[in-house]
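S.K.: Sharing a structure, written as structure tokens. Questions coming.
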Amino acid sequence: MDSQQKLSVVKGAKVLMVGAGGIGCELLKTLALSGFQDIHIIDMDTIEVSNLNRQFLFRQSHVGQSKAKVARDAVLKFRPHISITPYHANVKDPDFNVDFFKQFNVVLNGLDNLDARRHVNRLCLAADVPLVESGTTGFLGQVTVHVKGRTECYECQQKPAPKTYPVCTITSTPSKFVHCIVWAKDLLFTKLFGDKNQENDLNVRSTGAASSSEHVEDVFERRKDEDIEHYGRRIYDHVFGYNIELALSNEETWKKRNIPKPIYSRHVLTDEFTQQNGDVDKNLATDVGPSVSAMAFLGMNNPQDIWSLMENSRIFLEALKLFFTIRGKEIGNLSFDKDDQLAVEFVTAAANIRAVSFGIPLHSLFEAKGIAGNIVHAVATTNAIIAGLIVIEAIKVLQNDTNSYRMTYCLEHPSRKMLLMPVEPFEPIKSCYVCSERSKLRDFVEKIVKAKIGMSFPLIMHGSALLYEVGDDLDEDMVANYAANLEKVLSELPSPVTGGTMLTVEDLQQEFSCNINIKHREEFDEEKEPEGMLLLGWTQPFSAAEKDNNRSIGNGASVSNASSSTTAEAATDDEIEIIHSGKKRKLSEDSKKTDSGISKVDDETKISKQLEILDDEDDLVMLNEGGTDKKKKRLL
């Protein structure tokens, strides 16, 4: 293909960009300067102050505006004759469906979270549109090409699991600074400034603290007419003093751990510190809203300084005071935001004071902000390099130059004298539950539910989501919806079914119900398991004579006009192994043995409460104890 033909391919391409942030800004500029004429951008975010150091299409005056729209306007100033269509929306919105994706020649991802990447990957597979994926972390970056049937999809390779921290570690036995940050951000900050009705594990009580339960429950409420200085010190003494002493009462906990020391304000601060902190009222006129800063009030201007215990204590009390005096209207509705200067100062100070108590090294505000926001500080140069590589691969895709596709990694340190490491793309993984040939719901209904279990009018549920139902009382929309579900592969159902999923299958006419655990297996015995599905943990019902003598069915359930609880118990041993690729191969004897086991579900198992930090987002999710909502809902 000569240069004119290549240019023609580029000019005639219709390109979708997802993400207009760090990579997106560089990518849009590079696409425009490379000759692309028709570009569409999707981004749901608005511009924040923290974006301005690397997302060069944005300026201070753009803060609060749509990233996609401002990026378009900025590029049109130097490329006014091209078409750029912005969408200030979430790529997961129903408007951006398979038909929407089919109109594009290539999709270019510049996203920052795993969930959205997976969503775009699946839509590109369904629409049969090539995807160029990318990501950066500091000086590291990568660009990968995903073409259906030719290269592995984004989900062929398992992604790192999110880091999790049990609540007991966060509240009682922190050993790392990140534990202190999580405690300060998601427990203390929320307790003081967030929703008062939200469950919070901040109070650590032993069984011997019953006498002080009233004190524990009321301490975070500011009393009527209570002086803000007194309230601040009372909170300080409770969380850094009283709660630590309470934790120390359990001697067994500290036999193999560093023993923390309680910290009280009277031991750190003098009575005169209030006057040293300055007069808040004098500054009200010049410093209000999210930009208010406890550091500024105290004359501490360098965010890379590591504060002493006294300085952290002063920042803690000053920040608390500023929240209640200047931002009092927000109390009860606040959540931590890494771009809220006062919130970052409060969390940094609180985390550092707790770190002192537990013998953990202190960190600067700059470092603490990165941890609290789950941030690896971005490098603009890395984004620019990755954007250039994306465009190079996009041009190869448009030219259908399959042999030239490369996955390229940007390294922090040279390897073999190279900072850019190109690698040929891998072939699709046959066991991938997203892009390989997979079983459909129809296969499950016909081969397992009807043929093996013997149900006539099955109802299939995943949690509270109703995936399939048969009956004369269904309206036309429901019938059409369930018919459509039958033709979908299990992982693409409205409530996706993958390895480890538990399905509830009922036949209301038979008054029978069971749970089925779905298990993925790559290979099946071509001769003995030709259907590509296998039901384990279930035996055929007894003969009529046997039923008269022993009213039970093969999986151990009692057959007595089956109550739901009885049949549910019967079903805990049922398991289906499903192959998601069409290829079948003869298994070795060893393989047959290992796959013949039955997985049991313990109904008494409780889900431990834990805190989870998501790698790609700034959120921290608290998983609560208890069961799930069993109410049925129809997905139409």
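Every residue gets a Cβ built from N, Cα and C, even glycine.
In TrEMBL, annotation is done automatically, which means it is predicted and not curated.
Summarising the annotation, TrEMBL assigns active site, glycyl thioester intermediate to C168. Residues or ranges marked as ATP binding site by TrEMBL: 19-24, D43, 51-54, K67, 112-117. Residues annotated as Zn(2+) binding site in TrEMBL: C153, C156, C432, C435. Per TrEMBL, the feature compositional bias 'Basic and acidic residues' maps to 587-602. The domain 'Ubiquitin-activating enzyme SCCH' annotation in TrEMBL covers 329-369. According to TrEMBL, the domain 'Ubiquitin/SUMO-activating enzyme ubiquitin-like' annotation covers 437-524. For 546-602, the entry in TrEMBL reads region 'Disordered'.
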S.K.: Taking C153, C168 as the recorded positions to compare, which has the smallest set of other Cβ atoms within 10 Å?
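M.R.: Per-residue Cβ counts within 10 Å for the recorded positions C153, C168 bottom out at C168.
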S.K.: List only the single closest residue to C435 (Zn(2+) binding site), chosen from the recorded positions G19, G22, D112, D115, C168 by CA-CA distance.
M.R.: D115
S.K.: What whole-number Å value do you get for the CA-CA distance of G22 (ATP binding site) and C156 (Zn(2+) binding site)?
M.R.: 26
S.K.: Of C153, C168, C432, which is closest to N53 (ATP binding site) if I measure between C-alpha atoms? They're all recorded positions.
M.R.: C153
S.K.: Nearest of the binding-site residues to C168 (active site, glycyl thioester intermediate) by CA-CA distance, picking from D43, D112, D115, C153, C156?
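M.R.: Given the candidates D43, D112, D115, C153, C156, the nearest one is D115.
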S.K.: How many neighbouring Cβ atoms, not counting its own, are there within 10 Å of the Cβ of D43 (ATP binding site)?
M.R.: 25
S.K.: Rank the binding-site residues D112, D115 by the number of other Cβ atoms within 10 Å of each Cβ, and give the residue at the low end.
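M.R.: Checked D112, D115; of these binding-site residues, fewest Cβ neighbours within 10 Å: D115.
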S.K.: Over the span of the domain 'Ubiquitin/SUMO-activating enzyme ubiquitin-like' (437-524), count residues by DSSP class, listing helix, strand and coil in order.
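M.R.: Tallying H, G and I as helix, E and B as strand, the rest coil: 24 helix, 27 strand, 37 coil.
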S.K.: Would you kindly give the Cα-Cα distance separating C153 (Zn(2+) binding site) and G19 (ATP binding site), rounded to the nearest Å?
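M.R.: Pair distance, Cα basis, whole Å: 19 Å.
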S.K.: Taking every protein chain shown into account, which of the binding-site residues C156, C432, C435 has the largest tally of Cβ atoms within 10 Å of its Cβ?
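M.R.: The most densely surrounded of these binding-site residues is C435.
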S.K.: Could you state the CA-to-CA distance between D112 (ATP binding site) and C153 (Zn(2+) binding site) to the nearest Å?
M.R.: 18
S.K.: By DSSP assignment, list the helix, strand and coil residue numbers for the domain 'Ubiquitin-activating enzyme SCCH' (329-369), in that order.
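M.R.: So the counts come to 24 helix, 0 strand, 17 coil.
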S.K.: Specify the count of other C-beta atoms within 10 Å of the C-beta of G22 (ATP binding site).
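M.R.: So the Cβ neighbour count for G22 (ATP binding site) comes to 24.
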S.K.: I'm trying to understand the geometry here, so how far is the Cα atom of D115 (ATP binding site) from the Cα atom of C153 (Zn(2+) binding site), in Å to the nearest whole number?
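M.R.: For D115 (ATP binding site) versus C153 (Zn(2+) binding site), the Cα atoms are 15 Å apart.
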